[in-house]
Amino acid sequence: MACGFRRAIACQLSRVLNLPPENLITSISAVPISQKEEVADFQLSVDSLLEKDNDHSRPDIQVQAKRLAEKLRCDTVVSEISTGQRTVNFKINRELLTKTVLQQVIEDGSKYGLKSELFSGLPQKKIVVEFSSPNVAKKFHVGHLRSTIIGNFIANLKEALGHQVIRINYLGDWGMQFGLLGTGFQLFGYEEKLQSNPLQHLFEVYVQVNKEAADDKSVAKAAQEFFQRLELGDVQALSLWQKFRDLSIEEYIRVYKRLGVYFDEYSGESFYREKSQEVLKLLESKGLLLRTIKGTAVVDLSGNGDPSSICTVMRSDGTSLYATRDLAAAIDRMDKYNFDTMIYVTDKGQKKHFQQVFQMLKIMGYDWAERCQHVPFGVVQGMKTRRGDVTFLEDVLNEIQLRMLQNMASIKTTKELKNPQETAERVGLAALIIQDFKGLLLSDYKFSWDRVFQSRGDTGVFLQYTHARLHSLEETFGCGYLNDFNTACLQEPQSVSILQHLLRFDEVLYKSSQDFQPRHIVSYLLTLSHLAAVAHKTLQIKDSPPEVAGARLHLFKAVRSVLANGMKLLGITPVCRM
C-alpha cells in the first residue's frame with residue numbers, strides 16, 4: 001500500500017537528510033494521474049522540507065531538488081528518480097506496485113486506506129456529532145437534509161478511522177411552537193390522523209393555529225399559557241407534548257432508515273428546560289448576567305457593551321431560550337461522554353450563534369469549549385418536489401424514487417430487478433449525495449433534478465452504474481479466474497493508471513478527515529470510475545489467455561472494492577444491478 005512505499009522512500013531520504021523517517025512521511029505524496037503522460041508514483045515536496053528547516057535563507061528550490069535527487073539511489077522499491085517543478089519524483093518498481101496494491105486492497109477489504117501510516121500515531125478519540133436536528137411539527141427543510149447527509153458522512157469517516165462516535169439528533173422539541181401546537185391540537189386535532197401520520201398532521205395543525213393566532217389574540221394568549229404550563233411541569237400539558245414527541249421520533253426513525261442514517265441518541269431542547277435554569281444561575285453567580293429594561297437577561301461577550309456581542313439568554317417571563325439550552329446541552333454532554341471533540345453540523349446562518357455559545361462556555365470557566373466545533377454549510381436553492389416546496393424528508397425520498405424509476409424505465413440496458421423501488425431509491429440517493437458533496441460545503445448552490453439524474457458525467461448515477469457493471473464482471477467470470485495472478489500481465493497504461501490512482505486513496509481519506517470536506521473522496525471516486533470505464537473497453541477478459549484474464553479481473557475487483565468503500569463512507573449504499 002502507499003504507506004509501505006512512502007516509508008521505503010522516507011527511510012532512504014532520512015539517511016541523506018539526517019531527519020527521522022516519521023518527519024518525512026507527510027511530505028511524500030502520491031502523484032495524481034495524468035491523461036497526457038505517464039507520471040511518477042510519488043513526489044517529495046522540497047518546499048515542505050524547507051518549511052521544516054530552521055534556515056530561512058531558502059536557496060533556489062529547483063537546485064536543492066536536483067542536488068537531493070543526485071544523492072538518492074534506486075533500489076528494489078524505487079526504479080527511477082527524477083526532479084519536477086520543486087519536487088523529487090519516485091517511480092515504483094512496476095511488478096512490485098501491481099502485486100502490493102492488489103494484495104493490499106484484497107487483504108484489507110473495507111479497511112483499505114484506513115490503516116495507512118498517515119493515520120498511525122493519531123490518538124483514538126471520543127467524538128460527539130450533532131446533526132439533522134429537525135423541529136417537531138415544522139418543515140423538514142433542505143437545510144435539515146444537508147445537515148443529515150453531511151453529519152452522517154463525518155460520523156462514518158471518524159468511525160472508520162477507529163474513533164468512538166456518538167451520533168446525536170438534537171430535536172427542536174421545546175419552545176413557543178409547542179404552546180401553539182398544544183392549543184392547536186385541542187382546537188383542530190384528530191387522534192386518528194395523529195396516529196396514522198403524525199408528522200403530516202402536526203404540521204397541518206401548526207400551520208392552522210399560526211393563522212388563527214395571527215387573527216385572534218385569545219388563541220395567541222392560550223398558546224402562551226400552554227407553553228408556560230409546559231415550563232412549569234403541568235402533567236396534562238406534558239402528557240400531550242410527550243405523545244407528539246414519541247410519535248414524531250418513531251416516524252423519524254422509519255424515514256432515516258430509508259436514508260441509511262441512524263442515531264445513538266435522540267436528544268432535544270426539552271431535556272434542558274431545567275438545566276438551562278442552572279446555567280442562568282451560574283452566569284449570574286459569575287456576574288455575567290445583565291438585565292435589560294424589557295426584563296430579558298443578556299450576556300455581554302465583548303465586556304464593553306458592543307451590541308453585536310450581546311447574547312440574549314432569558315425571556316422577560318423567565319423562560320429559557322435556544323442559546324441557554326445549547327449551553328446546558330454542551331455541559332451535560334461533557335459530563336455524560338467526556339468527549340474529545342464535539343461537532344455541530346448546521347447551516348452557516350448559525351455561525352454567530354455557535355461562536356457565542358462557545359465563547360460563553362469559555363467565560364463560564366469551561367476550558368473544553370475549545371473542543372467544540374461548528375461545521376457550517378451553504379444554502380441549497382430551488383429544491384422542490386412535484387407537489388411544491390419540500391415539507392418532509394419523506395417527500396424528497398419519494399420524489400427520488402419516482403424520478404429514478406422513470407429514468408430506469410426509459411433506459412434500454414436496465415436489468416430486470418427483484419426490487420426496482422429499492423434500487424431506484426439507492427441510485428437516486430447516490431445522485432443527490434454526489435450533487436451535494438461535489439463542491440465546498442460552505443458554498444450555496446442551485447438544485448436541479450435534471451442534473452442530479454444524469455447517467456453520464458460526474459454524477460452519483462455514474463458511480464452506481466460503474467459499481468454494478470464491475471459486480472457483473474465478477475459474477476460472469478469470477479469463479480474461474482480469481483486464483484493466483486501474474487503481475488506481469490498488468491503493465492498496460494490503463495492498468496498502471498488505475499494502480500497509481502488506488503495508491504492515493506489513503507491521502508484522500510486523510511484530507512477529508514482533516515477538513516471534513518467530502519469533495520476529496522467524491523472527486524477521487526469519479527476519477528476512479530472514469531478510469532474503470534476506459535479500462536473496461538480496452539482490457540478485455542473474455543477470450544483473453546487465463547493468466548491475463550485473471551490479472552485483469554483482480555484489477556477490476558480491486559476497483560469495485562475501493563469504489564464501494566468510498567461510497568459507503570459518503571453514506572451511499574452501492575447497488576449490484578441496475
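In case you wondered, yes, glycine gets a Cβ from its N, Cα and C as well.
Note that the structure is a prediction, hence the values are computed from the model and not measured.
Swiss-Prot lists S133, P134, N135, Y322, D326, Q350 as L-arginine-binding residues, and of the candidates H141, H144 the one it assigns to that same site is H144. Per-residue pLDDT, averaged across the motif ''HIGH' region' (133-144), gives 84. Taking Cα separation as the measure, K568 (N6-acetyllysine) is nearest to H144 of the binding-site residues N135, H144, Y322, D326. Of the listed binding-site residues S133, N135, Q350, the Cβ environment within 10 Å is emptiest of other Cβ atoms at Q350. Comparing local CB density within 10 A for the recorded positions H144, K568, the maximum falls on H144. Under DSSP, residues within the motif ''HIGH' region' (133-144) fall into helix, strand and coil as 3 helix, 1 strand, 8 coil. A C-beta separation below 8 Å, combined with a sequence spacing of at least six in one chain, links P134 (L-arginine binding site) to F140, H144, L171, G172, Y252, L393.
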